[in-house]
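Some features that Swiss-Prot has for this protein:
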REGION    1-39  region 'Disordered'
REPEAT    207-248  repeat 'WD 1'
REPEAT    256-296  repeat 'WD 2'
REPEAT    305-342  repeat 'WD 3'
REPEAT    367-406  repeat 'WD 4'
REPEAT    439-486  repeat 'WD 5'
REPEAT    489-527  repeat 'WD 6'
REGION    559-593  region 'Disordered'
REGION    600-619  region 'Disordered'
COMPBIAS  630-644  compositional bias 'Low complexity'
REGION    630-651  region 'Disordered'
REGION    736-758  region 'Disordered'
REGION    783-824  region 'Disordered'
COMPBIAS  808-817  compositional bias 'Low complexity'
REPEAT    844-884  repeat 'WD 7'
REGION    935-956  region 'Disordered'
COMPBIAS  945-956  compositional bias 'Basic and acidic residues'
REGION    1007-1037  region 'Disordered'
COMPBIAS  1009-1021  compositional bias 'Basic and acidic residues'
MOD_RES   1030  phosphoserine
MOD_RES   1074  phosphoserine
MOD_RES   1081  phosphoserine
MOD_RES   1083  phosphoserine
MOD_RES   1117  phosphoserine
MOD_RES   1127  phosphoserine
REPEAT    1130-1170  repeat 'WD 8'
REPEAT    1217-1256  repeat 'WD 9'
ZN_FING   1294-1335  zinc finger
C-alpha cells in the first residue's frame, strides 16, 4: 500500500514476519537487563524455553489489585475477570496468548507461576490478548508522541529528566530505547540492546525539563523535529537525526511566554508552524523558518486571550485519507486545516480561531463547569472533543456551514476571560449544548481520536486517559456513550496515550511502563457483559426491574456518503504562494498575515467562510490583542442571523438505549390471590400474626404503622382563631341583649352594677370557651348555676327573682318566658357546638373501630376488647346527643360539668336533685345507677318528644294529687290507697301460693328517708315534720328473687367489631333491660322496696303523705321523671300509670358506666402492664377531652414514644405524630439539648432519683401544690442518701449554675464566685487553697 507523504496513520501489515524458533528473545534487551540498578525478587527475569522461540510473560509477580472487584464508573459493570490486568498471568492464558507456548518444559527454574483464573460470570468470556508491546524504563515519564515518519516505527517519550527515542519491532514485539537526548554521554547503541542508565562522569551536569512536560513531533519536512518544554517558559526543538554524542541535537529555543507553557502543537499542513499556550493566557505562533537562531524571544503572532490560562491548544488536523470510487482512488482533505486552531481554558471555555483573522475568535463555547484540561480535533470533520475536571468528555460542532446553524453556540453568561466585541447580543437566551456527553466519573487529562476516516461522527473511536487512580485507557465509540468499546488495563494509572495507526495504541503509566495494544485483538466490553438482567426495583422488593437488549454493536449503519464539508482533490494544498514576491518568508500563511498587517486591515484575505463580526486589533508589529472597546470591521456584514440561539439544541443519540420494563409483581399477585384464592390470605395473616407474637419489635412496628393516634385535622390556625373571636363577640352581644331586655321588665339597678354584670358575662364566656385560669374556675361556674337553680325552686311560690342572680346565669335567662324570643339567637351557637361535639364523637368512634380491627388482625383479643369497650361507650354518648332535641325554652340550660367535661376535662361531680347516702353495699350498683354519666352530653336536659308524651299525661292525671293539702286526706287519696292495697295483697297471695317465704334481709331505716327529705331544697318544714312523724318500717318483704341478667361486657363482647346496632340492642327487652328498670330488682337504694314497706304500715294517711311528698316533685320535673329509678317506684299508684311508665323503659336507656371513668381505668391498666402503644393512643385521643393525667406526664410519655419510633427507624410515623399532636413543645429540652449523666461523688452510682421524683409527684397531686416539685433535683443521691459537693463559700447545695475553680477543683455557685473574686477582689480560693486562683 502506497502512503501519501502526509499520511500519519500507517497501517500494520496483515502478515507479520514469523519469529525464528531457535531464538530466545525478550521484550527487554540483555544489556538493559544487566544494567538494571536492582536485581531483587521484583526485577525482571528471563525465562528460557527449550523448544520455544516466543517470549515469555513479563513479570514474575502479580501486579497489585489497584481497582475494586467491581467497577461502576460511567455506569458500566465490569466483573473482576474482565478487569484483570494484561500483565497478570491469568490474563494471557496459553490457549490465547500468542507469545507463550503451551508445550515444552522450563530449562531454568524461576519464581514465575502461571495461573489461569476461572471466570465465574460467563464461561464464554474473552480474555485480553491485545497487549503486544510493553517495556519498563528507569526514568520518569510524563508524555508520549509518535514519530511521523512512516519509515521509522518510533516513539518519543519525555519526562522530567528524560527525552528518549524508542523504536518498536513488529517482528519480535519489542520496544527499545534508541537514544536519550538528555544524556548524550550514555553508551547507546541502535544495533543491540539499550541502556536506560546513563554513564555520567562525576562533573557532568544533568539537564532537567519542565515539571509540566509535553512532547510533540513535526510533520512532513519537519518530521525530524521534536518539541519539548526545556523549562517552564521555553520550548526546545531537537533534531532526531543528530543522535550521536558529537552533534548537538538542539535546534532552537522559543521563549517569549512570561509564565509556564502548558501545551504546544505542530501544524500538519504548514509544518513550519508551531503554536503554544500557557498560564499567561497568550497564544503564540512561531515560524521555524524565521527562528533559525539558537534562541528566539519573539513570536510571529501573539494573541492575548485576556485572563484565562490556556490548558491545551491544537491545530485542526490535515489528514489525507485515500479511498476508492468509480473513478479510481482519490484523496479527501480539508482546505481549512492549515488555518484553524482551538484552545481550552481554565474557565472551561473553548475558543476557535482562524489564523487569517486572529484578532477575533470564531466560536466561544462554555464547554465545562470547571477547568477544561484537554481537547482534540476530529480527523476529518469539524468536531472537537474536550475533557475537563468535571469528569465529562463533550463533543462540540465548530463548523461554519449554514445548514448547521442549530449547532452554532454562543458565549453565554458573564465571561471573565475574553473581551467580546461591542455588539447588542442578548446572551441571556444563548445556550451551549454538546452533541454528545460521556460521563467518565474522573478528570479527563488526555484524549485522542482514532486517526481514521468516518463519514458518520458516531462511528468514531475516542481514547480517554484520566489523571486519577484508574489504571486503564478507555476507548469509546461515540455510538455508545455509556459502555466503552475497549478497556485497556495497565499496572498503574495512565499518564498519556497516542494512536500509532487505526489499530495500534500506546500509553505510558506512573510505573514508567510503555504499553502497546492491538485493539483488534482486544475483546469488547459488550462481549463480557451479560445480555440481560433482572433485579428488584427497591429495597422492600415492591416490583421487578428487567432490562433486555440485543448485544448490538458500536457502529451506526448508514449508507456511505461523500463528505459535504470536504473538497475532493488529488493532492492537499501545501502552502499559499504569493506570485508577486518570491521570498520564502513572504510565502504561506505567515507571509499572507504579514502582508495583511501592512495594509489597512485583515480583510486582504479571501474569506472561505461566512463573514463574522471582527474587532479591531491593537498590536505592535506582530502582536495581536483582543480589544473590547474597538470598533468592528465590516460592520455592514456583521450579521447575527447565524448566531440566533435555537430551541432544539438537544444531545443526539446514535443508538437507542434499552427499554426498561417495571412490573408491580407483588401487587398483581395479591390481586389474583384475593380474587381467586381468598383462603391463602388468611394463611398469610396467621403466619404474620405468629411471627409478630414471637417478635415484639415487629409487633410494635406493625401497630405503629397501622393504628390511628389522632383525630385532629389540619386547619389554618389563624382563620380558626379569627372565626372563634367573631363567634365570641356575637355570643357576648346576644347575652347582653337578652340581659338588657330582661332588665327592662324587672327592677332597674345602677349603671355600675350593669357594667359589673357585663364583665361577669364576658369573663364567664371566655373562661368557658378558652379555659382561662384567671379570676374564675369551672367549679365556680357550676356552683353559681346550682345555687341559681336552688334559689329558683325555693322562690317558686313567690315568683320573685333577683336581677343579679338572673343575669349571672345564661340558662336562667333563656328559661324565662319574657326573654323567650331573644334566646333563639343563642340556640344557633349551641347547635354549632353540639354539631362539633357530635363530629368529634364520630371521629373517635371510627378510630376506635379501626384500632379494634388492627388488634383483631394479629389475634390480640385483650386490646381488641378494650377498643370495643371504648367504642361502645362512645356510641352511648353519641346516641344521647343525637336523640336529645334542643328546646327553645331550655336550650342553653346545660350543666356546667357537661361542657367542662368536653372542653376543659375537669373532674367535676354531676349535680343531682336527689342525693343519696353512701352505703356499704353499693359497690356493684353504684356505678350503674348514675344518671347519664357520659362526658359528651346533649346541650339540653329536656328529654325527647317520645319521652315527653307519657310524662305530660302523667302530670295531667296526677295534677290533683300534686295540690292535695298534706294535713287532711280526701276521697281521691283513699281511692288510690285502696287500689294500692289491693295490688299489694294480690302479689302477696301469688307469692304465698308459690310457697316462697318472706325474707327480711334488707332493712331500711327511717332516718334514711328523713335525710333524703332534708336534702330536698323545695320541701317545706311542714312536710318534713309530718314525714318525721311517720312510723318506722322494720322490714321489707322480698316478693321475687332477682333474675339472672347479662352483664354489659358479656352483651357487647358477643357483637361483631365491624358495626354496632344501637337501636336493636337497646330495644331488646329480654337481654338489655337495665337493672334500674327491673320492677322487682333488689338493691340497697331500691325505692320499690320502700314503697312496699309503706303498704304494710297501719297508718295509711301518713303513708300517703310520704308517697305524695315523693311523687309530686318527681312527676313535676320532666327531666328526672323518665330516667331516675326513684320515679319508677312511685309509679305504683295505679296500674294505668305503671303501663305508661313501662313504655319509658324501652326508650330511655342510660349507659352502664361513665366514659371518662372507663378510659381512666383503661389508662391506669395500660400503664401498670406496660402497654406503651395503648397508653400513648389513649393520651393522644382523650387527654384533651377527659384530662386522663397531668399534662407534663402526657408530654413526657409522647416524647418517649417518639424516641422509640426513632430507634426503630419509623421516622415518617414520628413526623406525623409531631404534626398532629395536640400539645406543643413535646420534645421539651430533649429537642435541642443533649442528656448528661451525673454520677454520685460519694458512692459512684448514676443519679436518677426516680424514687424521690415519684414521691414528690404523688405529694404534689394530693395537695395540689406544684411547687413541691421544686425540691426535686440531682444535687443529692437516692442511693447513698447524701448530698453532693456543696458550695465552697456558702456551703449550700449546688442546684443551678456551678462554677469550678481550676487550680484546686473547688465548686461554687456562680453568684458566690462572682462576689468573692469580682466584688471583693480576692485572688485565692475561698477554701484556703494555696496559690493564686484568679487573676
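Placed from the backbone N, Cα and C atoms, the Cβ positions cover glycine too.
By the Cβ criterion (under 8 Å, sequence separation of 6 or more), the repeat 'WD 2' (256-296) is not in contact with the repeat 'WD 4' (367-406), since fewer than 3 such pairs are found. In this model, the repeat 'WD 8' (1130-1170) carries an average pLDDT of 68.
Mapped onto DSSP helix, strand and coil, the repeat 'WD 6' (489-527) counts 5 helix, 19 strand, 15 coil. Across the repeat 'WD 7' (844-884), DSSP classifies residues as 37 helix, 0 strand, 4 coil.
Counted with DSSP, the zinc finger (1294-1335) comes out as 10 helix, 6 strand, 26 coil. With DSSP states grouped into helix (H, G, I), strand (E, B) and coil, the repeat 'WD 4' (367-406) comes out at 5 helix, 18 strand, 17 coil.
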